[in-house]
Amino acid sequence: MFALKSILVTSLITSTALAHFTLDYPQSRGFVDDTENQFCGGFNTVEARQPFPLGSGPVHIDSHHALATIVAFISTSSNPTSFDDFNTTSNGTAIPLASSIFQVPQGEKCFNIDLQSLNVGLTNGSEVTLQIQYDGGDGNLYQCSDLVLIEGYEVPSNETCTNDASKASNATSTSSGSATATSAAATSSSSGTSGAIKEVVGFGALSLALGIAGLIIL
């Protein structure tokens, strides 16, 4: 009986640890735990685009780590295939980060992004892909969502975000207006990616530093 209980507990812990995070709104392209460390979580094909506010709109995630560092960024490419597509528009304009770099504890969290304020020429009907980069301490993970931006679009009432996690006291000072000079190339052996992978510089180090700071505060 003891052995059986031990197995059950171990299985529960393992399954919980494997489920890193999900992008719940806007709905992600898909989720497979084993490929979440790849570009767009391993889902490299553009899906049906969902309506999303041109101005401020909510993003909902479910974080399965005790503490995780998050940042959001977008691509204006009709078919982004690498992190390079999230750095510049087709005419070479640098795309700022869509959110600050901030931390969240475990659980369902939300934050707001204002894509129109990025000043990269987005208008009513613009098509973009949103990518969330997440680090819970065991490497960067990704989820993507394909969107069409609608001026004045009202999200479902149950998807609004009033307790914005990116505005919490542990959010960093990196703003959505920061340039993509904060991105740098890093090679990856993950399948399904094309070209050099672009990741936020020092993202893992920042996550560690913020975690240490949190421990000191505690």
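Glycine too: its Cβ is placed from the backbone N, Cα and C atoms.
Copied over from Swiss-Prot, here are the features:
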type	residues	note
BINDING	H20, H65, D138	Cu(2+) binding site
COMPBIAS	165-194	compositional bias 'Low complexity'
CARBOHYD	N87	N-linked glycosylation site
CARBOHYD	N91	N-linked glycosylation site
CARBOHYD	N124	N-linked glycosylation site
CARBOHYD	N158	N-linked glycosylation site
CARBOHYD	N170	N-linked glycosylation site
SIGNAL	1-19	signal peptide
Practice problem: Compare the C-alpha of N91 (N-linked glycosylation site) with the C-alpha of each of the recorded positions H20, H65, N124, D138, N158, and give the closest one. | Solution: N124
Quiz item: By CA distance, which of the glycosylation sites (N87, N124, N158) lies nearest to D138 (Cu(2+) binding site)?
Solution: N87
Exercise. Mind giving me a neighbour count for D138 (Cu(2+) binding site)? Other Cβ atoms within 10 Å of its Cβ, every protein chain shown.
Key: 12
Quiz item: How long is the line from the C-alpha of N87 (N-linked glycosylation site) to the C-alpha of N158 (N-linked glycosylation site), rounded to the nearest angstrom?
Solution: 32
Practice problem: Work out how many Å separate H20 (Cu(2+) binding site) and N158 (N-linked glycosylation site) at their Cα atoms, rounded off. | Solution: 23
Exercise. May I ask for the distance between H65 (Cu(2+) binding site) and N124 (N-linked glycosylation site), taken between their Cα atoms and rounded to an integer number of Å?
Key: 36
Exercise. Could you list the residues of the same chain, at least six apart in sequence, whose Cβ is under 8 A from the Cβ of N124 (N-linked glycosylation site)?
Key: L54, L149, I150, E151
Exercise. Measure the Cβ-based neighbour count of N91 (N-linked glycosylation site), defined as the other Cβ atoms within 10 Å of its Cβ.
Key: 8
Practice problem: Sort out for me which one of N87, N158 has the most neighbouring CB atoms within 10 A, since those are the glycosylation sites we care about. | Solution: N87
